[in-house]
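Data block below; observations after.
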Amino acid sequence: MGPGWRAPSAALVGGSVALFGALRRAALALPRPAAVRSRPGRVWRWRNLLVSFAHSVLAGLWALFSLWQSPELLSDIQDGYSVSGHLLVCFSSGYFIHDSLDIIFNQQSRSSWEYLVHHAMAISAFVSLIITGRFLVAAMLLLLVEVSNIFLTIRMLLKMSNVPSPALYEANKYVNLVMYFAFRLAPQVYLTWYFVRYVEVQGQGAFLMANLLLLDAMILMYFSRLLRSDFFPSLRKGSVGRDVDGEKFLID
């Protein structure tokens with residue numbers, strides 16, 4: 001991918017930011033559960049999660065379809081290229097920029113600082129991919145995580161809305177766990193192994209390796225929280241009486 005792609009890519013990222021801004025405004029008009037309406041602190045989080053859900057559905061299925069359509073890309077993680085994958089990276093870059101701005105402008109930085117760290121890592125990594133045209137397939141593999149995020153976001157929306165159907169939450173709990181292994185942990189483990197074994201640790205390779213290792217630590221931390229919350233609640237510490245208002249990440 002030559003330099004001629006850079007200006008169109010910037011326009012695509014900007015268009016994605018605008019698209020998610022429009023989705024955010026549309027989410028304001030959607031009906032909200034009584035449990036959300038009665039707690040002002042939850043209104044922003046509910047709307048933010050709806051936009052996040054839209055990104056997860058679109059990006060997760062997009063990544064899955066792109067890799068299914070072109071499986072040969074998996075044999076060239078460093079230099080493989082597809083137009084679909086390039087558009088996907090621009091699309092998700094726009095979402096991460098939009099979500100970061102949404103968090104900051106709505107004064108949620110303190111409660112959602114982990115997302116800001118994650119988004120800064122993702123944006124910087126994706127920009128480097130767009131500029132160099134390398135490791136695009138690695139980004140596509142990482143974006144499979146959005147399939148897992150579909151069910152993780154459903155989990156959080158169910159908790160916030162106090163849905164009176166424990167069976168629905170229980171079913172999603174187990175599906176969420178399976179998806180976490182299949183689309184979050186498995187691609188992450190494979191990419192970490194690949195980078196350690198095959199990628200030269202200098203320049204862009206070193207930068208992406210550092211991002212990947214930090215992401216490994218974050219994913220394991222979130223997995224620990226998920227297990228404690230949904231499967232071993234007796235092991236939770238300091239969560240009694242904790243309010244979820246404004247909290248964007250999985251902490252309860």
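Positions of Cβ are set from backbone N, Cα and C atoms, glycine also.
Some features that Swiss-Prot has for this protein:
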{"type": "SIGNAL", "residues": "1-29", "note": "signal peptide"}
{"type": "TOPO_DOM", "residues": "30-47", "note": "topological domain 'Extracellular'"}
{"type": "DOMAIN", "residues": "41-235", "note": "domain 'TLC'"}
{"type": "TRANSMEM", "residues": "48-68", "note": "transmembrane segment"}
{"type": "TOPO_DOM", "residues": "69-84", "note": "topological domain 'Cytoplasmic'"}
{"type": "TRANSMEM", "residues": "85-105", "note": "transmembrane segment"}
{"type": "TOPO_DOM", "residues": "106-124", "note": "topological domain 'Extracellular'"}
{"type": "INTRAMEM", "residues": "125-145", "note": "intramembrane segment"}
{"type": "TOPO_DOM", "residues": "146-174", "note": "topological domain 'Extracellular'"}
{"type": "TRANSMEM", "residues": "175-195", "note": "transmembrane segment"}
{"type": "TOPO_DOM", "residues": "196-202", "note": "topological domain 'Cytoplasmic'"}
{"type": "TRANSMEM", "residues": "203-223", "note": "transmembrane segment"}
{"type": "TOPO_DOM", "residues": "224-252", "note": "topological domain 'Extracellular'"}
Remote residues contacting the transmembrane segment (203-223) - C-beta distance under 8 A, at least 6 residues beyond either end: 114, 117-118, 121, 124-125, 128, 132, 134-135, 138, 142, 180, 184-185, 188, 191-192, 195-196, 249-250
Tally of residues which DSSP labels helix, strand or coil - the topological domain 'Extracellular' (30-47): 12 helix, 0 strand, 6 coil
Counts of helix, strand and coil residues, the topological domain 'Cytoplasmic' (196-202), according to DSSP: 3 helix, 0 strand, 4 coil
